Amino acid sequence: LLSVSFVEASADDGPGKSVSNYYYEALKYPCPPNLSVWWNMGSMLFLILGAQILTGVMLTMNYTADEQLAVVSVDYIMRDANYGWIIRSLHMGGASMFFALIYMHIARGVYFGAYLKNTHVWYSGLTLYLLSMGVGFLGYVLPWGVMSYWGLTVITNMMTVIPGGARALDWFQGGFVISTVTLKRVFVLHFLLPFVILGLSLAHVLLLHVNGSSNPLGLDETNFSVPFHPYYSIKDLAGFALLLAGLVGMTFTFASLTADPLQWQPINKMKTPAVIKPEWYFLYAYAILRSIPHKAGGVFTMFAAIAGIAVFPMISSNENFQSMKACPPARLMFVIWVANFMFLTVIGAQEPTGGWVLAGQFGTILHLSALVMIPMIKADWEFYLFMTAQLDEEESVVNDVKRFLGPRLLSN
């Protein structure tokens, strides 16, 4: 919340600057004066990340990474450990809120052209998103229910589409099949990677503070700015209160809202479930994966759909028109993209038969097309506005010349 650019600070005041000076500069950090609630998502993600790390560390004290004992340890946490069900429910609900905030954070960046302001921040954010997806999937595996086992089987088999992937798969599994060794490695990665995400998140904020935040109108905050405190610190605190209220309310009212009943069934390695599906925040990617009948094609298409936002700064690069508010065609395409994301999420939860497969293929084409068309439409619209302004300026100059020379020509 109170991070500050140590790059700028060290350049201005040298290495001997005290912590209190950094704290003071953080409070007085210049921010654009017109930031809306959509700029609260970043600080709220920090809060949820901290809560996830805290509750995760507490859960590790009673979890056992073993094929036979994993489900038993989860059952012990939920039934016998003091407040264990609350901690696990907070952890599960926090994961859903974390990804919901990530998707809103990305959507805000796309709509208001954050990728134009600072490409380093955009790409570091994309890296954080990919790591978060990995951590989220690893956490889904740990309860070791039916969906955990078969979900891990599906995802790990994707490694075989790359050269040397079969050898890497055997190394990751610790053998030729998924076993307790695999579960232990999943557990270790799930424990360590959130701390990597925390460190990269701090770097993400420092990169943001080097060039400043984007804003709805694309103003230069060096000329129009307000201090972070009290204008935005109060907004962040209000967002924290609402977020915690929602998380606690979800924990005590809908504790099993995102849980899959199949996770409590014993694993049968000889029988594949009729429908294998991940958590809701991965359903859109899973729908894309299933829509392509070719294994390698499906894997590469899914990764292209996930990381496709990386092309945005390459296609549209004019910082004078950051927001889509000045571009109605791109705004319409953005709405279609978001609606299609929800459409793919619904498709990913269905059994892959008949019309659902065709619907998934249509949604996949639309999703990939939107990733290219949004920045292209925005760039073309920017060029149109620029040329219109140039023509209007030239016409204005001609009219001024006529008004100035007209009387003289008539008198002569």
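Every residue, even glycine, has its Cβ placed from backbone N, Cα and C.
The structure displayed is predicted, hence computed values, not measured ones.
Looking only at the domain 'Cytochrome b/b6 N-terminal region profile' (1-217), the predicted model's pLDDT averages out at 87. The domain 'Cytochrome b/b6 N-terminal region profile' annotation in TrEMBL covers 1-217.
TrEMBL lists 44-65 (among others) with the feature transmembrane segment.
The transmembrane segment annotation in TrEMBL covers 85-107 (among others).
Summarising the annotation, TrEMBL assigns transmembrane segment to 119-141 (among others).
Taken from TrEMBL, the feature transmembrane segment applies to 187-210 (among others). Residues 3-8, 29, 42, 45-46, 49-50, 52-53, 56, 60, 63, 65, 118, 120-121, 124-125, 127-128, 131-132, 134-135, 138-139, 141-142 of the same chain, all 6+ positions outside the transmembrane segment (187-210), place their C-beta atoms under 8 angstroms from a C-beta of that stretch.
Per TrEMBL, domain 'Cytochrome b/b6 C-terminal region profile' is recorded for 218-389.
The transmembrane segment annotation in TrEMBL covers 237-262 (among others).
The transmembrane segment annotation in TrEMBL covers 298-318 (among others).
Look at TrEMBL and you will find 330-349 (among others) tagged as transmembrane segment.
According to TrEMBL, the transmembrane segment annotation covers 355-377 (among others). Remote same-chain residues near the transmembrane segment (355-377) are listed as 110, 284, 287-288, 290-292, 301, 304-305, 308-309, 311-312, 314-316, 327, 329-330, 333-334, 336-337, 340-341, 343-344, 347-348 (criterion: CB distance under 8 Å, separation of at least six residues from the stretch ends).
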Counting only residues at least 6 beyond its ends, the same-chain positions whose CB falls under 8 A of a CB in the transmembrane segment (85-107) are 38, 41-42, 44-45, 48-49, 51-52, 55-56, 58-59, 74, 77-79, 125, 129, 132, 136, 139, 243, 246-248, 250-251, 255-259, 279-281, 309, 334, 338, 341
